[in-house]
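Undergrad: Attaching a single structure in structure tokens format; questions to follow.
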């Protein structure tokens with residue numbers, strides 16, 4: 001049976017409100033079940049459908065919140081644990097690079113596997129169950145050797161990285177066709193979870209010890225897992241698969257379903273898109289910049305004499321700056337003159353401006369207003385990237401496309417940003433390192449505007465105004 005066009009359905013009702021269009025098609029299915037509605041049942045079933053959609057919206061937001069809260073409890077305190085175990089900065093940095101590579105390299109093949117066999121929820125649940133084992137081994141067994149830390153870091157990254165792509169793809173699938181621009185309003189709860197997790201983790205560790213942070217990770221992952229299992233992911237991805245079999249006509253013959261594309265054909269179709277290849281290459285450079293401004297920036301501030309509280313406040317300001325951009329990204333993406341390509345262009349420009357201003361810093365306290373740019377340099381580029389990856393994906397490759405985006409943006413971009421950025425920092429100083437990253441982003445911006453078809457169209461609209 002073909003998926004219906006929800007915008008044309010006479011029984012379509014608006015669920016929740018204008019800010020939460022989640023599960024519109026499921027509401028419609030409920031309203032038109034069993035051959036339609038009787039007049040006297042219409043109001044009651046509309047309320048039921050609206051309540052169901054509201055519940056699903058809250059649940060997917062809660063998954064984002066709990067998952068990022070959990071990793072905010074684990075990541076910083078694992079680094080401090082290694083430092084207390086006499087690991088050198090170089091060893092910790094090497095471990096960070098191995099973690100990026102070891103984690104992100106697994107995301108694309110696992111995404112392909114999930115899309116091919118439609119086993120998104122079982123794979124996701126298994127990985128979240130397993131990821132708590134290496135984290136809980138930290139307080140239980142007190143590892144102290146570099147090899148132990150490698151095993152923990154790489155296993156956590158390998159098990160968690162595909163889940164990020166699964167989470168983003170699931171949110172998009174639940175939103176439904178035509179509602180993808182609202183992704184940012186869901187994703188902002190990840191930023192909230194990270195900010196609250198960092199703050200709460202510090203308080204908990206102060207009073208209960210560092211082991212509490214790792215136990216807290218497991219607790220919040222289990223909560224996120226339980227909530228995730230209640231989401232209607234099978235129906236969500238099934239609807240997208242039906243879009244892969246449109247009805248076609250030949251002459252006067254009756255409409256017949258077209259044969260579904262094989263997984264190999266879908267993947268080839270995705271990778272052969274010139275604009276998608278350009279997009280992934282640009283996201284590598286954007287990811288390099290994002291890594292530099294968040295990790296090496298703290299070292300630069302310390303060199304300028306910044307106290308510890310200022311560094312913590314700078315990170316808090318950056319996190320808070322993400323919230324309005326995530327929230328209003330749907331408006332920006334839905335704006336005809338902007339769209340996702342325009343949002344990505346603005347985000348890259350914001351990075352160029354931010355990097356050059358950071359390079360001029362003499363007083364570390366001036367970093368606080370500059371951290372407001374983080375709203376666009378991270379939240380803007382992330383929201384636009386997720387949307388553009390989804391738009392490029394053939395039906396049935398939603399998770400694969402998100403995994404490739406994550407691999408380029410966080411994986412390759414993060415690895416190159418940390419390694420090349422560190423070399424530039426040591427050899428030429430932090431200001432020049434920021435200027436080089438700014439130049440690379442300017443080059444990426446030129447390539448994006450010239451070779452990425454949707455962006456080129458958007459820029460032409462701007463120039464014609």
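The count begins at 1 with the first shown residue.
Glycine is treated like the rest: Cβ placed from N, Cα and C.
Just so you know, TrEMBL annotations are computer predictions that nobody has curated.
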Undergrad: In TrEMBL, which of the ranges 20-42, 89-111 has the transmembrane segment annotation?
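TA: Going through 20-42, 89-111 one by one, TrEMBL flags 89-111 as transmembrane segment.
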Undergrad: How does the model score the domain 'Major facilitator superfamily (MFS) profile' (267-465) in terms of mean pLDDT?
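TA: A mean pLDDT of 89 is what the predicted model shows over the domain 'Major facilitator superfamily (MFS) profile' (267-465).
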Undergrad: Out of 123-142, 148-176, 188-208, 276-301, 401-424, which stretch has the largest tally of CB pairs under 8 angstroms to the transmembrane segment (367-389)?
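TA: Checked against 123-142, 148-176, 188-208, 276-301, 401-424; highest Cβ contact count belongs to 276-301.
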Undergrad: Using Cβ distances below 8 Å and needing 3 or more such pairs, separated by at least 6 in sequence, tell me whether the transmembrane segment (148-176) contacts the transmembrane segment (123-142).
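TA: Between the transmembrane segment (148-176) and the transmembrane segment (123-142), contact is present.
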Undergrad: Give me the stretch from 56-77, 123-142, 188-208, 401-424 with the greatest number of Cβ pairs under 8 Å to the transmembrane segment (276-301).
TA: 401-424
